[in-house]
Amino acid sequence: MDLVYGLVWLLTVLLEGISGQGVYAPPTVRIVHSGLACNIEEERYSERVYTIREGETLELTCLVTGHPRPQIRWTKTAGSASDRFQDSSVFNETLRITNIQRHQGGRYYCKAENGLGSPAIKSIRVDVYYLDDPVVTVHQSIGEAKEQFYYERTVFLRCVANSNPPVRYSWRRGQEVLLQGSDKGVEIYEPFFTQGETKILKLKNLRPQDYANYSCIASVRNVCNIPDKMVSFRLSNKTASPSIKLLVDDPIVVNPGEAITLVCVTTGGEPTPSLTWVRSFGTLPEKIVLNGGTLTIPAITSDDAGTYSCIANNNVGNPAKKSTNIIVRALKKGRFWITPDPYHKDDNIQIGREVKISCQVEAVPSEELTFSWFKNGRPLRSSERMVITQTDPDVSPGTTNLDIIDLKFTDFGTYTCVASLKGGGISDISIDVNISSSTVPPNLTVPQEKSPLVTREGDTIELQCQVTGKPKPIILWSRADKEVAMPDGTMQMESYDGTLRIVNVSREMSGMYRCQTSQYNGFNVKPREALVQLIVQYPPAVEPAFLEIRQGQDRSVTMSCRVLRAYPIRVLTYEWRLGNKLLRTGQFDSQEYTEYPLKSLSNENYGVYNCSIINEAGAGRCSFLVTGKAYAPEFYYDTYNPVWQNRHRVYSYSLQWTQMNPDAVDRIVAYRLGIRQAGQQRWWEQEIKINGNIQKGELITYNLTELIKPEAYEVRLTPLTKFGEGDSTIRVIKYTGEFHCGFEDGNICLFTQDDTDNFDWTKQSTATRNTKYTPNTGPSADRSGSKEGFYMYIETSRPRLEGEKARLLSPVFSIAPKNPYGPTNSAYCFSFFYHMYGQHIGVLNVYLRLKGQTTIENPLWSSSGNKGQRWNEAHVNIYPITSFQLIFEGIRGPGIEGDIAIDDVSIAEGECAKQDLPTKNSVDGAVGILVHIWLFPVIILISILSPRR
């Protein structure tokens, strides 16, 4: 019978890799973390939460399955905001954040997708724990008026510390611990509105013994090994809130370039207040010099102006604040305009009519601004015909007007207005305005051949509007056909000569542009306008810009190049070329595309085909790479236990892959396999012959042997067809000599339930277990002590009956085939933790099943009875001669208090340490070496057939 099973297993091995179908699979994902979470000893989480101390290193790994290999992306959300790691997602399996800060806590998502099905997404919440230094503030009601809330002499000490998790506060007076009710003169309470953020110590009607040293201790109960923090405050009869005085004027008006010093002194407060300077808007200038309460600004500028405040704080009462405003003198933006007689509908200046000249500047401070008027260099005073006024600052600040009533010929000349500040130190601004018979309003025209303007994309162009008149005003340019910004980003651009220069013209800049006169430095009349049309020509935009076409020989291919947009749209011509060889030319009629067919591909037809579509502005190009190269192989990363631990210093690796789109090109006849040790330069290569056609999704297997432990290797795989080499794929294989399962992931490390038993094992954690669980049995945490960690257990409550079995099957573990007549089989140390607590504990058995023996199970380990409320560890040496499987069998005892649990199952190469093994081969011991002679011929045959596909 054993021989029959052996032959069946051998047939299965021979078929593996030859007919492997269906390995394409959508992604699955799970998140694991390095290190132990520092958990709170409270069962308050029903979701995946990882806790870490601020300043430590967070390392999360996204473990994925699926074929082809899924692409991974990490993202993070916190509340409604999304944080993508400084606007760049993390695209590898491991997310590592060194020196993590509190704002980096939140929910982290791992997204895996490979184009099959929906993306797989898992998340984990990261809680960053921290405790800041506590701060004590004091508020007192001593001497308050009777209408206030508190009538007695009362002091409130408030302690606040930022923390996560919530902080617990305690108070001491000297060495005495203060508790609510321990002293009638002391009350300790939390305000309703603070939600545990603070704890207030109220000293009612101060007594002599209340003048003492008070200490506030903030604690998070040593979570994440965060120590308690303490702050002290001495309360005395001199304790008082701060008061200060500024030894400067308000406001302070200074000239640019001067140095200014602000002095702030304390006039009261116990303990001694600390002094800080702030600015009402923005930060303090970098050049300032601070010395206690003295602030010095050397070489002040207009940017340094503003309100500066001195704040005194000693945590008693409210901080004291005094402010002063610094004003830096400035004169800028001098301009003028001429207004003709408003009572006549005429924009010209005429003898006998009124004319007004206006000057405007921006002045700081505005109250120091003065204007002086001159005619031909001589001072001008206000008179009946020459009226000098200043406009209301609320209407037009910094503006002066000269009204010339009944203009005469003798009034022609140059008028000058001079703006100055009374405080001096600032250069005056002079504005000259000429009034004469040649002073006429402006006129705008567009020179011939300057509209429409035709240019090409990327060129530099100048738009011109010719302005006449005296004086010539500023010209404003804007878009006339749409509300979009000008090239400099503003809605209007100024020009003093009427020219608008645009560098690197783009097609979006085509359209109508408006030039118009400004009222400044000219006549205050209705603006003159003109329009200039800009036409930007650009070469055709085509698709596809590049397309790779893979086809085998003797097959047909048709390439198509389509025009998306172009200007001018007619006349368009096209050229098809293979390299430098001209294949076809033509002209577009009504169609928007051109095609080039290849009826039967041959070696000389492969190459890069270029289709150029041409207009006056240039050419757009479609490129087609026609090739017979095979697509890259797709390495299969989900091979379970691909490492064979065969001999002491070397190992073998089961390399598996599928071929992407195998039917796209000619049949793949072989693969070139390259392998090199990580960090080395030289590749060792060999060919793997392929017989027959490869099917889509077919899993191909090749065994790499004689790999040196524990080195990693780079493996390169290149498909070969009659065309030649295809695309290569490279991956790294690593030696992993140990299997470990803590049952934390969703698929419980590929353990499965036995269909032949009476009931199933259950994945459980203390935090998620049913609130109606049976007391006095089962673990209170997983093996590591975490209430959020998972384990597997059997629930023995009703309707379970005595003697019923639950069986849990491990995945199949592979070992390397070897000569059975050689040295002793490789040894493995099998270990696990078990929990057997309760007065009705039954039996826990472990069996070893070798591949091919579907009915024979060899007892490996057994234990029964109550072992106490603790996790115990078992170690067993096993010596399998072929692939094997482990079976955990839990048998229900006589009552409901009989829950059995297992956790942290490990299989490591080599024998267990002697101190870990049981002292005798009892019921709790290990079974001896397992050898099955009937498998020897099968193993030899497998060795001969390897490597295989």
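Note: Cβ is positioned from N, Cα and C throughout, glycine not excepted.
Small disclaimer: the values here were computed from a predicted structure and weren't measured.
Between C359 and the candidates C264, C417, Swiss-Prot records the disulphide bond with C417. Of the listed cysteines C216, C310, Swiss-Prot assigns the disulfide bond with C264 to C310. Swiss-Prot lists a disulfide bond between C62 and one candidate from C38, C110; that candidate is C110. Of the listed cysteines (C38, C159), only C159 is recorded by Swiss-Prot as the disulfide partner of C216. All protein chains considered, the CB of C264 (disulfide bond) has 24 other CB atoms within 10 Å. Cβ crowding, taken as the number of other Cβ atoms within 10 Å, peaks at C515 among the disulfide-bonded residues C62, C159, C310, C417, C515. In the three-state DSSP scheme, N703 (N-linked glycosylation site) falls into the strand class. For the domain 'Ig-like 3' (242-328), the partner stretch with the highest count of Cβ pairs under 8 angstroms, out of 134-232, 340-436, 442-533, 540-627, 638-738, is 340-436. Within 10 Å of N703 (N-linked glycosylation site), as judged by C-alpha distances, no recorded positions are found among C110, N237, C359, C417, C515, C611. N610 (N-linked glycosylation site) carries a strand DSSP state (E or B). DSSP assigns C417 (disulfide bond) to a strand in the three-state reduction. In this structure, the C-alpha atom of N443 (N-linked glycosylation site) lies 18 angstrom from that of N434 (N-linked glycosylation site). Across the domain 'Fibronectin type-III' (638-738), the DSSP tally of helix, strand and coil residues reads 3 helix, 50 strand, 48 coil. With all protein chains in the displayed structure included, the most crowded Cβ environment within 10 Å among the glycosylation sites N92, N213, N434, N610 is that of N610.
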